[in-house]
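Trainee: Before I ask anything, here is the structure I am working with.
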Amino acid sequence: MTRDTNSNVGRRSVLKAASALGAFLGLGGVASATPGREPGPKKDEIIVGVSERVSSTEATVESKIPTNAEIVHTNETLGYVAVKFPSNAAEQARENFKRNVLQEDDIEYAEDNATYETLEVPNDPMYGQQYAPQQVNCEGAWAETYGDDDVVISVVDQGIQYDHENLAENMDGSVSDYGYDFVDDDGDPYPVSAGENHGTHVGGIAAGGTNNDTGHAGISNCSMLSARALGDGGGGSLSDIADAIQWSADQGADIINMSLGGGGFSETLDNACQYAYDEGTLLVAAAGNDHGGSVSYPAAYDSVMAVSSLDEGETLSSFSNVGPEIELAAPGGNVLSAVNWDDYDSLSGTSMASPVAAGVAGLALSAHPGLSNDELRDHLHDTAVDIGLSDDEQGYGRVDAELAVTTDPDNGDDDDDDDDDEDDPGDGECGDETNTATADGELSGGWGGNPSDTYSYELSTDNPCHATVTLDGPSSGATFDLFLTLDGRTPTTSDYDRRSYNWGADEEIEVDLDGDEELGILVDRYDGSGSYTLTIEELGS
């Protein structure tokens with residue numbers, strides 16, 4: 001089975017079991033950390049990812065590490081290990097290991113166990129009155145639903161004060177202590193100090209108690225899980241964050257909020273986000289606070305919905321990152337929410353905008369419980385309000401709770417739309433126009449062999465809507481893999497947008513098109529040799 005095909009499973013809290021059993025089973029393929037492993041950032045570690053064809057992740061890597069290094073963490077589900085070098089090891093030693101291990105069979109990637117940070121911007125001492133729920137029209141949504149407690153939002157962040165006066169009633173009691181602590185590797189995600197406020201504040205925005213005569217109004221009354229992956233200082237390791245994402249999906253979270261970023265592109269984090277998306281979870285993340293810089297990861301991954309920040313006047317926040325990955329905008333400047341201990345404060349950052357969008361997603365899913373994650377994502381796009389910013393600043397627009405709840409996802413918000421747009425060629429069924437291209441090649445190993453071929457393909461139909469890339473290789477004795485990019489860059493085995501890699505030499509990738517893509521294709525030899533035929537079928541409407 002390929003990993004690039006989204007399953008779009010509708011999550012309806014599939015693991016609502018007894019607390020202790022739910023917590024035990026929820027850790028699935030996440031191995032315990034080595035005793036004594038320091039929490040938080042892990043600059044001395046290298047993460048090594050392996051092919052999903054191997055039977056044991058740890059055994060595959062163990063024989064390939066230097067004698068002064070050790071495997072300190074394993075995640076069999078995501079297929080990676082963390083290899084720790086001594087703190088006094090030369091930087092070049094780690095770089096040499098990353099380069100050399102990539103030459104080994106079944107090794108997919110090697111990268112630093114980077115540090116990600118909370119995306120909070122320090123606020124002024126003057127705090128404005130709460131405005132975020134009003135800006136996204138929560139009142140109209142609340143007339144229909146305050147949020148269903150069967151809808152679960154997992155907050156991957158610092159710990160949440162789960163007994164906070166305005167959060168306790170919305171914590172998901174199906175899991176012991178309402179979550180898991182990946183920083184300290186224990187079952188209690190409670191914050192360790194009063195200053196560890198970020199997770200409590202973010203959680204209070206998405207699912208703080210509403211209409212309960214207490215404190216502030218959160219966006220929704222959906223249930224909430226705390227996946228503590230960032231430590232007291234606001235930083236967290238790549239492996240802890242990836243494990244927290246996987247765990248959240250395995251717990252049945254419908255929505256994962258990630259108000260964090262800053263570590264750059266990571267195969268491990270990309271795989272974790274794609275894993276959760278394939279499990280049916282909608283992932284929402286903060287765009288970043290680099291004052292107009294490019295969208296940070298994990299928000300920039302295809303599987304994640306990136307959210308920019310607005311101020312009270314619906315202008316783009318000065319700190320907000322922008323770019324083509326932005327899908328929604330939401331209020332993020334001076335947002336009032338809960339903080340430790342049973343207190344309240346206003347904070348600013350795309351960290352605050354992301355949980356607003358996550359909370360609206362929770363309201364929408366409460367009103368339309370049959371939606372898959374893909375359908376929910378599209379519905380939030382369709383019901384967003386254009387506030388006059390550029391696409392790179394607002395994406396589809398400012399998220400709107402009332403429209404997301406009251407608009408029928410099947411019919412849209414205007415019954416006359418179909419009649420008005422009958423002549424729009426983009427509204428035809430996908431497949432009215434077809435273009436097919438083929439190429440033949442041969443791959444072989446050894447000295448002077450040809451281990452891979454690359455191709456580029458420009459869309460040619462009037463309104464491209466779908467493409468299928470098919471690789472037909474030798475019937476036996478060879479294993480070929482197929483990689484695809486959507487922006488014209490040349491794909492590699494570590495830089496791609498879609499991939500298909502099975503045993504054997506026949507692969508296929510299907511992708512929906514918006515019309516502005518240019519396909520880059522890599523046919524790569526994993527084992528064996530032989531001839532192949534590459535076929536691209538483009539459909540237009």
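Yeah, the Cβs are placed from backbone N, Cα and C, and that goes for glycine too.
According to Swiss-Prot:
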- ASP157: active site, charge relay system (ACT_SITE)
- HIS198: active site, charge relay system (ACT_SITE)
- SER351: active site, charge relay system (ACT_SITE)
- 410-432: compositional bias 'Acidic residues' (COMPBIAS)
- 130-405: domain 'Peptidase S8' (DOMAIN)
- 403-453: region 'Disordered' (REGION)
- 1-33: signal peptide (SIGNAL)
Trainee: For ASP157 (active site, charge relay system), which residues of its chain lie six or more apart in sequence with Cβ-Cβ distance below 8 Å?
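Mentor: ASP157 (active site, charge relay system) has long-range Cβ partners THR118, HIS198, GLY199, VAL202, GLY203, SER226, ALA227, ARG228, ALA229, LEU230, ASN257, MET258, SER259, LEU260.
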Trainee: Pick the one among the active-site residues HIS198, SER351 whose Cβ has the fewest other Cβ atoms within 10 Å in this structure.
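Mentor: HIS198, out of the active-site residues HIS198, SER351, has the fewest neighbouring Cβ atoms within 10 Å.
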Trainee: I'd like to know the mean pLDDT over the domain 'Peptidase S8' (130-405).
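Mentor: Mean pLDDT across the domain 'Peptidase S8' (130-405) comes out at 96.
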Trainee: In the three-state scheme derived from DSSP, which category covers HIS198 (active site, charge relay system)?
Mentor: helix
